[in-house]
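J.: Sharing a structure, written as structure tokens. Questions coming.
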Ligand SMILES: Nc1ncnc2c1ncn2[C@@H]1O[C@H](COP(=O)(O)OP(=O)(O)O)[C@@H](O)[C@H]1O
Ligand SMILES: O=C(O)C1=C[C@@H](OP(=O)(O)O)[C@@H](O)[C@H](O)C1
Ligand SMILES: [Mg+2]
């Protein structure tokens, strides 16, 4: 009997050869997949598989049944590889800020590409049909219809297609924006039946929204726009409307601060809900206004994710549970929602934000630091230009950083003194109020804390901190406090 070491040495040598051969086989398998794609042939060839398996058993009397099992696995994995070679993606003109890749790669085991095309490239793109399935976005949702072989009733009614599946060379078009919007209404329990609904905007998205509203039995639907009657400025005729839906891009990144000047949530006395189709920022000014007023609101992210999940069902030919939508939403928030710290000067915002950024592997921005980089020492600035000027500059800095995502932001203690700062922060941030015993607050280098009694400063500001905060956390130990913030943050984004 040979010793085990020698036998294992021989096994390792055989394995080395086997792995090389398997690698070669997988490469060939990829080549076959490309051939099949070019020639519009399905990946799965049952006959060829059966033939290989049969021959294996016939030609290998000794180990035939074992080989059969091994080959079944090899072929299964080859198919998985070939599936991955199939192309999925998004067709559009400018796709720099799309979330679709993030969403689709969280849904399925496929890679998702961006097909950025100009108008004159569309015809060639559809002639080649070198994709398994795609989404379509602005401005091509209508233009693509003429290249399709079959179009769903909903897509036809809306006049827009956002999902195309290539089945053996034939192109099938669907509209899952419809389902995405419908999901958003249902999730937020917004009842449309018998209601008067005001749509802001008359573009492509408004067509989808309108068809959903009609199907749900809205009593009246009016679309306001800039160029066609009725105009935004005619809004006073509709202030008894119960639901408002924004389909305009006003307030979308990078112009987050833009507003529809004629539309004021306060004017609508019967308002029950506001729905936005914008998802970047997470909350637009109108969503924030609705939140402040305690009106039900739904932002655009759920619609976006839901349309993606419904599109993936067409891509993969299988049903995907709505739970997936919630999971994707949580994971996007977990990665991208900022954590912003507010609180009295010297309460520990900078120190805790610093720890959070390390624990969460996020970029850390201290608004005071950014101020000092631009305008020098804060105490000197106060002496020379006064508080008002400081607040203006502080706000400008917040406006820029508030648009970003995935940050930990330490604010200055007085950030709550300007209402506009709430909008800058809330759009993409979870806001945590850091509380620490007043007698423990640091005052050095903080002009306002040096100038007046801390108790008076706190009295002036207490309500404002509470208005801004999503939650408050006690700072006794900075490490415990940062752990508590992480725990609460994860808990709050998981819904
Ligand atoms: N829990 C704590 N225990 C001890 N010292 C703390 C604690 N929290 C904050 N500090 C200290 O208080 C001072 C002010 O903290 P800082 O993070 O600069 O506050 P802020 O940014 O809110 O003004 C720092 O010297 C910091 O080390
Ligand atoms: O509370 C305030 O008005 C201020 C707080 C300071 O930041 P910290 O809260 O980080 O000390 C700094 O922005 C400035 O001195 C004004
Ligand atoms: Mg600070």
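Our numbering is plain: 1 for the first residue shown, then up by one each step along the chain.
Positions of Cβ are set from backbone N, Cα and C atoms, glycine also.
Got these off TrEMBL a minute ago, pasting:
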| type | residues | note |
| --- | --- | --- |
| DOMAIN | 1-86 | domain 'Chorismate mutase' |
| BINDING | 346, 347, 348, 349, 350, 351, 446 | ATP binding site |
| BINDING | 350 | Mg(2+) binding site |
| BINDING | 368, 391, 413, 461 | substrate binding site |
J.: Rounded to a whole number, what is the top Cα to Cα distance in Å among the residues the record ties to ATP, namely 346, 347, 348, 349, 350, 351, 446?
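T.: Pairwise Cα check on 346, 347, 348, 349, 350, 351, 446 gives a maximum of 15 Å.
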J.: So of all those binding-site residues, 347, 349, 351, which one's Cα sits nearest to residue 461 (substrate binding site)?
T.: 347
J.: Just the binding-site residues from 346, 347, 348, 461 whose C-beta lies under 6 Å from any atom of ligand 3, please, or none if there are none.
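T.: List returned for ligand 3: none.
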J.: Can you check which residue among the binding-site residues 346, 348, 413 has the largest number of Cβ atoms within 10 Å of its own?
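T.: That would be 348, with the highest Cβ count within 10 Å.
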J.: Taking the binding-site residues 350, 351, 368, 446, which residues show a Cβ-atom distance to ligand 1 below 6 Å?
T.: 350, 351
J.: Would you list, in sequence order, the binding-site residues among 368, 391, 413 whose CA lies within 10 Å of the CA of residue 346 (ATP binding site)?
T.: 413
J.: Consider the binding-site residues 368, 391, 413 and say which one has the Cα lying nearest the Cα of residue 347 (ATP binding site).
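T.: With Cα distances computed to residue 347 (ATP binding site), the winner among 368, 391, 413 is 413.
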J.: Checking the contact step here: among the binding-site residues 368, 391, 413, which have a Cα within 10 Å of the Cα of residue 349 (ATP binding site)?
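T.: Among 368, 391, 413, the ones whose Cα sits within 10 Å of that of residue 349 (ATP binding site) are 413.
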J.: Rounded to the nearest angstrom, how far is the Cα of residue 368 (substrate binding site) from the Cα of residue 351 (ATP binding site)?
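T.: It is 13 Å, counting Cα to Cα.
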J.: Which chain neighbours of the ATP site, leaving out 346, 347, 348, 349, 350, 351, 446, have a Cβ atom within 8 Å of the mean position of the site's Cβ atoms?
T.: 343, 344, 345, 352, 410, 413, 434, 436, 441, 442
J.: When you put residue 368 (substrate binding site) at the centre and draw a 10 Å sphere around its Cα, which of the binding-site residues 348, 350, 446 have their Cα inside it?
T.: 350
J.: Taking every residue in the domain 'Chorismate mutase' (1-86), what is their average pLDDT?
T.: 85
